[in-house]
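Database features, via Swiss-Prot:
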- Ser11, Gly12, Asn13, Ile14, Ser160, Ala161, Gly162, Pro163, Gly164, Thr165, Arg166, Asp167, Asn168, Asn285: NAD(+) binding site (BINDING)
- Cys129: active site, acyl-thioester intermediate (ACT_SITE)
Amino acid sequence: MKPCKVAIIGSGNIGTDLMIKILRHGKHVEMGAMVGIDPTSEGLARATRLGVPVTAAGIDGLLAMPEFGEIRIAFDATSAGAHARHNATLQAHNVRVIDLTPAAIGPYVVPSVNAGEHLDAPNLNMVTCGGQATIPIVAAVASVTPVHYAEIVASIASKSAGPGTRDNIDEFTETTSRAIESVGGARRGKAIIVLNPAEPPLIMRDTVCCLIDEADTAAIEAAVHAMVERMQGYVPGYRLKQRVQFDRIDTPVNVPGLGPTTGLKVTVFLEVEGAAHYLPAYAGNLDIMTSAALACAERVAQALGNHHALSAAS
């Protein structure tokens, strides 16, 4: 099957790292264009050196490129505010969109949990870095027993948080909280992000807490380990920091949206080290987003290729 041509909109850290991942590891996708708005950006310069067609004229520049007619999938690595226009423009040209912003126009996708559920959707949202790291764990627990409440804390190196991340803090917490419920399966979800200013920068660390009824702790631990292994298939630096912890709550505690609650608290500590393709190893928060986006695009490209093959056969 011929690889699917893709464009990346946004030549910053995430867009550049994603480009390098596609160039090195793309199986069903290949670079067709890199789009930015700053002619002097390092991302566009690097793309040019690597032989990728570029434009510094944004989405309008992409439409004017001779290569645009071959583009089947576009990644948006800009901002939630800009994404609405980008999406509308691309949809008008029948281009599938993979959204790396918190705009959440399309369904949430976490490849290890629901990659196969929305392959026909015109727009797929990759949630957030914190969501990509923690929602699989919530889903693992929920596969064993109902999760009444899940709370995640994503701690990332301040140095790895660019202007887009900082401008989208509110969208980050809102989008991640909703996806904890809709993808992770928790009845209620809450997300917190911490920008850690420590020097030297620390790698991404995540804490996942789930409140459940009494359940088979061995089955939960096995489900968590299986999910970690699945995650490592596309994010090799994803790992469990220590054993899954279980604490019984006999005295009722007030849970947002649920009221006084007792039960079993499951706590999982994670760390995510980046592959250092372009970004430093401590920027696991960015690496997990680009890795998840590539994994998602591979599935979409396969589906597009299969559909094209079936149409040709008929």
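Cβ atoms here come from the backbone N, Cα and C positions, even for glycine.
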Inset, instruction - Using DSSP with the three-state reduction, classify Ser11 (NAD(+) binding site) as helix, strand or coil. - result: coil
Inset, instruction - Any same-chain residues 6+ apart from Ser11 (NAD(+) binding site) with CB under 8 Å of its CB? Would you list them in sequence order, or say none? - result: Met34, Val35, Gly36, Asp38, Ser41, Glu42, Gly43, Leu44, Ala47, Val54
Inset, instruction - Measure the Cβ-based neighbour count of Asn168 (NAD(+) binding site), defined as the other Cβ atoms within 10 Å of its Cβ. - result: 21
Inset, instruction - Return one of helix, strand or coil for Gly162 (NAD(+) binding site), based on DSSP. - result: coil
Inset, instruction - Could you tally the C-beta atoms, other than its own, that fall within 10 angstroms of the C-beta of Gly164 (NAD(+) binding site)? - result: 20
Legend entry - Three-class DSSP secondary structure - Asn168 (NAD(+) binding site): coil
Legend entry - Alpha-carbon distance [Cys129 (active site, acyl-thioester intermediate); Gly164 (NAD(+) binding site)] in Å: 13
